[in-house]
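Record features (Swiss-Prot):
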type	residues	note
DOMAIN	3-200	domain 'DPCK'
BINDING	11, 12, 13, 14, 15, 16	ATP binding site
């Protein structure tokens, strides 16, 4: 099975590329979705997060208050490391399970949509690494406009991730998403053609 790592910094448009691949029938293993699943009420990771960051990261109904957690977890590299030490081992375990399930089912290619692919050294476990790249100021502009995030918060999150140049060095294929969405679609089509060539 061809393992494709899809990554890019926050606000790069990586999820849009994943959606385009999914629409073509490719299996997407979404690290962010797995990260949400492991902090559902009753999951051990949620209890550990409460222990580490306090009860006020919970909503009244017992679910995780994501902005509340983000406000505490992204204030320093130590706090971000604490968050990652709780969530990342569980994300890795569930990811491995999903890859194994896909392989057992005879899936020819699986796309691992993972923001921290290079940060965690997981690019080395992939057969093909695809990086979606956008200049930092453009990413900030998009995230402030589309998600209503504060500029300082966005820049802190970007700073907590591996620098773009390191991510780009790990890439087999770079998708430049500085332009219009049509340009992104054309590059996604070329990526799809490349994947299909490799799994024939």
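The backbone N, Cα and C atoms fix where each Cβ goes, glycine too.
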Neighbourhood of the ATP site (11, 12, 13, 14, 15, 16): other residues with Cβ within 8 Å of the Cβ centroid, in order?
8, 17, 132, 134, 177
Give the residue from the binding-site residues 12, 15, 16 that has the most other Cβ atoms within 10 Å of its Cβ, counting over every protein chain displayed.
12
Quick tally, other C-beta within 10 angstroms, 11, 13; top of the binding-site residues is 11
Neighbour count (Cβ, 10 Å) for residue 14 (ATP binding site):
25
